[in-house]
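Peer 1: The structure follows.
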Amino acid sequence: MIPNGGTEINQAVQTLRDGGLVAFPTETVYGLGADASNPEAIKKIFTAKGRPSNHPLIVHIATPDHDDVGQADWTAQLAHWARDISEDALKLINAFWPGPLTLVFKKDKRVLTELTGGQDTVAIRAPAHPLAQGLLRQFKGGVVAPSANRFGKVSPTSAADVRSEFEGMSDLMVLDGGDCKVGIESTIIDLSSGDHAVLLRPGMITPSDILTRTGIQVRLPGELAMSTVANNLPKVSGSLRAHYAPATPLRLYQSGRVLDALCEFPDTKSRVAVGVWESESPIGEDGHPSVHFEEIPLPSDSTAFASLLYRSLRDLDQQDWDLILFPEPPAGEEWDGVRDRLQRASFGSGPSSNNHASN
Ligand code: TXA
Ligand code: MG
């Protein structure tokens with residue numbers, strides 16, 4: 001499927017073994033990978049991203065390398081990293097791995113504190129992208145990989161995006177697996193309390209998907225007593241209110257209020273890129289304020305929207321806009337991942353921005 005994939009994977013594996021960084025595709029976004037057992041390599045990730053060292057990383061693991069993978073195979077695969085692997089964990093794994101779901105467990109004592117930000121838990125996921133799987137299988141170890149962007153910026157969904165994020169690192173090895181299909185980061189579920197499955201980061205696998213396929217009722221952090229989930233550590237760096245942000249200010253407008261949002265710009269020199277649901281009629285020329293604006297059609301389906309969200313924010317960032325104006329996503333759990341990213345990306349960008357943080 002991928003030309004020279006074999007040779008490239010060999011080189012990538014060698015780079016990881018030598019303590020270097022390798023950017024690679026996953027089905028969600030590109031990751032910036034390092035050997036999870038090498039503290040020096042892990043430090044390089046934090047330096048390259050400009051990420052505070054107390055923000056934990058996800059360990060990526062391979063799917064067992066044979067057909068008919070069962071619970072015992074997964075348990076063996078996890079044994080090096082996680083303790084107290086519950087029945088619920090195995091149900092989630094059987095239903096969703098490999099795929100865009102990250103699970104947080106109590107960590108095994110062998111797991112380096114450098115990668116957990118000093119916490120006693122570890123986040124693990126088995127990505128579905130074939131190139132990621134090829135890399136992980138051949139490497140035979142865990143690969144820590146945050147999204148391959150500078151801290152706080154938009155996550156990359158193509159190899160070219162990764163290269164532009166790390167322009168200064170001309171020797172960074174980037175495996176090119178094309179555009180990421182899911183387009184936003186994995187759903188994160190915390191199983192470490194042993195009692196509840198708690199949603200830490202919404203993604204395209206929703207609590208309803210989980211309930212339907214496993215019978216497990218996922219809790220939101222707000223539903224539980226503060227003492228069980230709250231501590232002062234930044235469990236999920238994406239939970240900082242401002243995150244995933246393009247350089248151009250992004251604001252959200254309420255459905256049907258696009259003209260009001262445009263009217264907030266008395267400056268006729270402003271150039272505004274306006275995202276508009278493709279199912280809705282164009283804004284048209286009449287009755288709008290004198291700012292220069294262009295309509296960007298957006299898919300009204302949450303899966304299609306997620307898959308192009310970061311792509312379009314990056315593309316718009318390359319153009320000469322003073323502002324990006326996007327519609328608030330509709331209500332409904334299938335939009336929670338997208339809504340979360342848009343709210344964080346727009347945080348602090350002025351009157352129409354939505355300042356609610358969801359976790
Ligand atoms: O889709 C994804 O998850 C992508 C691809 C590359 O796999 N990775 C990703 O990594 O989004 P990153 O580092 O950008 O975000 C991982 C999130 C962080 O917000 C981090 O705080 C959280 O996972 N995390 C990692 N370990 C954790 C832990 N032990 N407990 C709670 N949250 C954790
Ligand atoms: Mg990230």
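Any Cβ shown, glycine's included, is placed from N, Cα and C.
So TrEMBL says this about it:
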type	residues	note
DOMAIN	6-205	domain 'YrdC-like'
BINDING	THR28, HIS60, ARG125, ALA145, SER186	L-threonine binding site
BINDING	ARG51, THR121, SER147, SER155, ARG201, TYR244	ATP binding site
Peer 1: Within 10 Å of the Cβ of TYR244 (ATP binding site), how many other Cβ atoms can you find? Include all protein chains, please.
Peer 2: 26
Peer 1: What subset of the binding-site residues THR28, HIS60, ARG125 lies within 10 angstroms of SER147 (ATP binding site), using C-alpha positions?
Peer 2: THR28
Peer 1: What is the maximum Cα to Cα distance, in Å and rounded to a whole number, among the residues ARG51, THR121, SER147, SER155, ARG201, TYR244 annotated as binding ATP?
Peer 2: 24
Peer 1: Using the structure shown, find which entry in ARG51, HIS60 (the binding-site residues) has the sparsest Cβ neighbourhood within 10 Å.
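Peer 2: Selected from the binding-site residues ARG51, HIS60 on minimum Cβ neighbours within 10 Å: ARG51.
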Peer 1: Give the three-state DSSP assignment (helix, strand or coil) for TYR244 (ATP binding site).
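Peer 2: TYR244 (ATP binding site) sits in coil per DSSP, no helix or strand.
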Peer 1: Within 8 Å of the Cβ centroid of the L-threonine site residues THR28, HIS60, ARG125, ALA145, SER186, which other residues of the same chain have their Cβ?
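Peer 2: Checked against the 8 Å cutoff, the neighbours are THR26, GLY31, ILE58, PRO100, THR102, PRO127, ALA132, GLU185.
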Peer 1: Whole-number Å distance between the CA of SER186 (L-threonine binding site) and the CA of ARG201 (ATP binding site)?
Peer 2: 8
Peer 1: Compare all C-alpha positions of THR28, HIS60, ARG125, ALA145, SER186, the record's L-threonine binders, and send over the largest distance in angstrom.
Peer 2: 13
Peer 1: Just checking: which of the binding-site residues ARG51, HIS60, SER147, SER186 have a C-beta under 6 Å from ligand 2?
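Peer 2: Close enough to ligand 2 are SER147.
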Peer 1: Taking only same-chain residues 6+ apart in sequence, whose CB is under 8 Å from that of THR121 (ATP binding site), what do you get?
Peer 2: PRO56, VAL104, PHE105, LYS106, LYS107, ASP190, SER192
Peer 1: Return the member of ARG51, SER155, ARG201, TYR244 nearest to THR28 (L-threonine binding site) in space, with distance defined Cα to Cα and candidates limited to these binding-site residues.
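Peer 2: Closest by Cα distance to THR28 (L-threonine binding site) among the binding-site residues ARG51, SER155, ARG201, TYR244: SER155.
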Peer 1: If you measure ARG125 (L-threonine binding site) to SER155 (ATP binding site) at Cα, how many Å is it?
Peer 2: 17
